[in-house]
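*Asks:* Next up is a structure, given as structure tokens.
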Amino acid sequence: MVAFGKKLKERSIQEWQGYYINYKLMKKKVKQYVRQLQGGNQERRNVLKDFSRMLDNQIEKIALFMLEQQGLLASRLQKLRESRDALQEEPDISHVANLKEEYRAVGQDLLKLLFFIEMNAIGIRKILKKFDKRFGFRFTNYYVKTRANHPYSELQQVFRHVGLGAVVGAVSRNLHELQNSHGSYLSIYDQPVLPLHDPVVDSIRAAVDRLTRSTNFLNFMAQHALIIQEELPSPQDEEADEEDGRYHFMSLLLNLVNTFLYMVNTYIIVPTADDYSMSLGAAATVCGVVIGAMAVAQLFSSVYFSAWSNKSYFKPLIFSSIVLFIGNLLYALAFDFNSIAVLLIGRLFCGLGSARAVNRRYISDCVPLKIRMQASAGFVSASALGMACGPALAGLLQTRFEICNLTFNQDTLPGWVMAVAWLFYLVWLAISFREPAREPEEIHNTSEESHNNSEAVEDGNLEKGLQQRLLLTSEEIEEQVEDDCDGSEKASQDSRTPANSIVAAYRLLTPSVKVQLLIYFMLKYAMEILLSESSVITTYYFGWSTSSVAIFLACLGLTVLPVNLVVGSYISNMFEDRQILLVSEIMVCVGILLSFHVVVPYTVPQYVCSGLIMFVSAEVLEGVNLSLLSRVMSSRLSRGTYNGGLLSTEAGTIARVIADVTITVAGYFGRSMLLNVTLLPSLVICVLSIVATCFTYNSLY
């Protein structure tokens, strides 16, 4: 892993060397400030003032040089415009070819300028983060707030690359028209869906994409997956990523289908689990154990699948499909065997087939950088759609018939349907999946190297101050031992070594990260209580049929994508993530309070509205919480078997297990007490998480 200062020196354009941010000087100044403050030779106020002035000067140097280069490019384009006008009066094929080459030359220089901006933008973000880290002071908040929206802000020149859009447009449009000079003269504005296939324009588009990668919605969705991306890939890196044989579209599609089917498998039994339990002679509330059995097994499967993905992706997915096929088959056959034990074993098998760790790892390791965010968002979208489709599908399976003494009804059909689905998926997987190429040493060292460039740290305050995400996929480069004055080689190696056990990973968690995992635990617990007991509660209070329960759960699941669209595209640009976090926790608490049965009668509007408030607030909370978590997670937890994604998965899975056990235990108090007894722990945990958030509020990004 190369430190940013060294990378900046290696990748900077030599003739522009004096116009880059002087990162080395500023880093030394930060260390000097620390020594001066520790020695009592300097006041904090003076340090802040001096550092602000120095950073202002650096940004002014960058911005003025950018304007100068933009002017030179504009001047060259103006001269080419004159040649273009003359060519229209007297067409000449040879002149057209020469003019196209001259436009391409301008495009090449534009690429240099875009890369110059990218390097400096990252340098500014890194030095601000370094200053905050060393001084424990939220200097970034102050600096961005006072500079970002000022009418004379030079910071906007760097982070909004003001004016460059016109240059990009001029090069692209003229090359498009010259390429079609022999036929139609329709411009790019008339044919927006027909992109120009020109190497220079493609490179420009890729460079701009790295600065303004996708949309806030895609970025927000991608963060749900906790799939961390590299910072500052060069065009050569991206080309090598595509050509190394690791990426295969059909394999990625199969990976996402696995994610979708697993979520369908998880929630397809929720509307009928209580009926199935009763048909086998158990209490309706045993549905909590039936639903939770899958989560219990997932606690173990997450670990071994995470470790297995260090060596292979194909074999774990094959194993997952086989185990899930067997699990669903047992679930369906439990009715004819009249055995609750077979039912539970079937659900345990389904949990043992949970390959979500492989799904995440495949996207992180094998998808090219330029589409990794879309793939991450696809992972989250597939999960959300599976969550909605599961109950909806259960609602459609309201029939009963027998074939060869096997019973097919609303209880067993979910198992039969999913068994067939996994069988078809297994065949498709065996035919179409391609194991990514691996270097021999990579197979043994993946746990240390597969994510060595993947510390996901984006300065949310900087982005929100500017109201535009310029470097959505340019994550913060892994912090090096350069932060230490005497940093030794051993310390450098230790800083990159991933955790080798769950206990070691837990010890790396800071108090703020522990609070965020508590929040994740709370929201998963509350959501599982709401979903798992929905069939029992609605049948007892309202006499709902299985179809009605399925429609209710499907509608809840369908809110996931629209809610994330609103939060990712609008709300996250208007408020700080930590503000949204706290408000969302409070709204979850409000939803829980409104769900209690304290008035008679308990009405459908009360249940539906409170459930909707709780579920939607929890969805918002999950997205923002994981976004924050990805920024403050230790770099040692961004890779290896025991990574941050595994910790969050385990926290959520434990919450689901405890919630499902709570439902079953609460059943001993009778159905009339079930709702309030299960909501009480949710309320207590929610209040504790709110209190913990208030104590750590200032330490959250």
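In case you wondered, yes, glycine gets a Cβ from its N, Cα and C as well.
The feature domain 'SPX' is assigned by TrEMBL to 2-145. Marked as transmembrane segment by TrEMBL: 252-270, 282-305, 317-334, 340-358, 379-401, 413-431, 517-543, 549-568, 580-600, 612-629, 679-700.
How buried are these features, and what lies next to them?
*Replies:* For the domain 'SPX' (2-145), the DSSP-based tally of helix, strand and coil residues reads 126 helix, 0 strand, 18 coil.
Within its own chain, the transmembrane segment (340-358) has Cβ neighbours under 8 Å at 255, 258-259, 262, 265-266, 269, 276-277, 280-282, 286, 289-291, 293-298, 300-302, 305-306, 308-309, 313, 316-317, 319-324, 326-334, 415, 645-646, 649, counting only residues six or more beyond its boundaries.
Sequence-remote contacts of a segment are chain residues at least 6 beyond its ends whose Cβ falls under 8 Å from one of its Cβ atoms, and for the transmembrane segment (379-401) they are 221-222, 224-225, 227, 256-257, 259-272, 359-360, 363, 407-410, 413-414, 417, 546-547, 549-554, 556-558, 560-561, 564.
Within the chain, the transmembrane segment (517-543) has long-range Cβ neighbours (under 8 A, six or more residues past its boundaries) at 267, 270-275, 284-285, 287-288, 291-292, 509, 549, 552-553, 556, 581, 585, 588, 591-592, 595, 597, 601-602, 604, 607, 611, 614-615, 618, 621-622, 625-626, 629, 647-648, 651-656, 658-660, 662-663, 671-672, 674-675, 678-679, 681-682, 685-686, 688-689, 692-693.
Beyond the ends of the transmembrane segment (679-700), by six or more residues, the same chain brings 138, 511-512, 515-516, 518-519, 521-522, 525-526, 529, 577-578, 581-582, 585-586, 588-589, 592-593, 595-596, 628, 632, 662 to within a C-beta distance below 8 angstroms of the stretch.
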*Asks:* When you scan the chain for residues with a C-beta under 8 Å from the transmembrane segment (252-270), skipping those not six or more beyond its ends, what do you find?
*Replies:* 276, 290-291, 294, 313, 317, 320-321, 324, 328, 331, 347, 350, 353-356, 358-359, 362-363, 366-367, 375, 378-379, 382-387, 389-391, 393-394, 414-415, 417-418, 421-422, 425, 428-429, 432-433, 531-532, 534-535, 549, 553, 557
*Asks:* Please figure out which one of 282-305, 413-431, 549-568, 580-600 racks up the most CB pairs under 8 Å against the transmembrane segment (317-334).
*Replies:* 413-431
*Asks:* Take every residue in the domain 'SPX' (2-145), average their pLDDT values, and give the whole-number result.
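*Replies:* Averaged over the domain 'SPX' (2-145), per-residue pLDDT gives 80.
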